[in-house]
Amino acid sequence: MLYFFTNVFGLSVGTAGVLLLIGRVFDAIGAPVMGILVDHTHSKYGKSRPWFLWMSLPFAIFVWLLFTTPALSGTLKVVYAGVMYILADLSYTAMSTPITSVLPNLTSSTDGRMQANSIRLVLGNVGNFFAVTFIIPFAGLLGGGNDQKGWSLAVGVYSIVAFILLIIAFFDMREKNIENEKVITIKESLKATKGNWPWILIVVANLAYWTAYIVRNASMPYYFQYNMGSKDLISFFNGFTIIQVIGMASVPFFVKFMHKWGTTIFFLLMTMVGQAWVGLAGSNITSALIGWCVACIGSGSACTMFFAMVGDTVDFGEWKTGIRANGFLTAIGASFCIQMGSGFGSFIASMLLKGFGFNAANATQSASSLSGISFTFVWVPIIIYAVSVVLMIMYRKWEHHEPVVKADLAARNSKAEKEAEAAQA
């Protein structure tokens, strides 16, 4: 997004960074609101499922408009970019929240959730592979030398495909075990976080993860275009992000032997090693590619773990407080972290680039600017990933407590069902 705003849309790196942060703050606030809306949704389609139907078209339209450059200038152009970015982000949250909140209602099995989440993210990354890898050449093909026209047309095609796939998901999905869930108030949703330390740890760790991930991704195009010397390397390296599906698919296997906290730390450390490898490779494309692949496998797999574990914290919240706030807890643990982390990450990247003197109008960057791009792309993410590692070490205690939580909840639910049957009799 930062690259599009600076090199296609025509904003300065400082203005783009501020817009990205403001947009993400709005969206981060919208995440818990969306979670509460999901918790209060009761329809013939379920709680999370209907949002696929309701929000798929607005999401597709706003994303397309975001990547369409209007014939405006000055303040009006900045306002357009800001408004479209906020609307696209809010519609994304309205889609991503039910995508995550539906997970605990698909199955009560931790293994089942892990497998479902792995499949979801593997296929999601296949889609991301095609979208990210081919966007620049696809936009170039459709635009015929006009980048702004090309990006609008290319993202328009992507938006149509996304709409179709979301509608297919709506018709193919079924939620289970939601008949007995009661409507909870906003106060009860907030109460579900009280004493829920596993959830708090996951939220902060996931926020740090997404901040680091976006710092890396936001600065990546600049690194390959200016430090490595070829714009073509952006699509080339992005093409290899598909390799992270190998790690995602193997996550359930690692969890069986290393548990969730250990698996997450393992993949975070792999990401950090890969990042350092890319930085130390210098202009050696082959070596940098190896490091990039290692980092992608690690980051993609760690992401899978966070999404799966936030579902488990819903169970802990119910066990601790008696309140099952699927939508609210998963909205904060997933959508909020993605949006706020993306805002922080984009802002950090843009401010660092600005501080080191980057100027998109310059075909050749200064030595200071090149150093700043390298530092932002390689080393800043490593530092932030380390925060997630520390927090996951702390999570170990709570994961060991999960069997007790599962057993107690099963006993409670069984008792409640028997009492309901007796009352009806």
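Just so you know, glycine gets a Cβ as well, placed from its N, Cα and C.
Please treat TrEMBL annotations as automatic predictions, because they have not gone through curation.
Some features that TrEMBL has for this protein:
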- 12-38: transmembrane segment (TRANSMEM)
- 50-67: transmembrane segment (TRANSMEM)
- 79-100: transmembrane segment (TRANSMEM)
- 121-144: transmembrane segment (TRANSMEM)
- 150-171: transmembrane segment (TRANSMEM)
- 197-215: transmembrane segment (TRANSMEM)
- 235-255: transmembrane segment (TRANSMEM)
- 262-283: transmembrane segment (TRANSMEM)
- 289-308: transmembrane segment (TRANSMEM)
- 328-353: transmembrane segment (TRANSMEM)
- 373-395: transmembrane segment (TRANSMEM)
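A Cβ distance under 8 Å defines the sequence-distant neighbours of the transmembrane segment (328-353), meaning residues of its chain 6+ beyond its ends; these are 1-2, 13-14, 16-18, 20-25, 27-28, 30-32, 34-36, 38-39, 89, 92-93, 96-97, 100-101, 103-104, 189-190, 192-193, 196, 199, 202-203, 206-215, 217-219, 222, 306-307, 310-311, 313-314, 317, 369, 372-373, 375-376, 380. The stretches the transmembrane segment (289-308) and the transmembrane segment (50-67) are not in mutual contact, being linked by fewer than three Cβ pairs under 8 Å (pairs 6 or more apart in sequence). Below 8 A, the CB atoms of the transmembrane segment (12-38) and the transmembrane segment (373-395) form no more than two pairs separated by six or more positions in the chain, fewer than 3 in all. The stretch from 79-100, 235-255, 373-395 with the most CB pairs below 8 A to the transmembrane segment (197-215) is 373-395. Note on the transmembrane segment (235-255): residues 111, 114-115, 118, 121-122, 125-126, 128-129, 132-137, 220, 224, 263, 266-267, 270, 288-289, 292-293, 296-301, 304-305, 308 of its chain, located 6 or more positions outside it, place their CB under 8 angstroms from a CB of the stretch.
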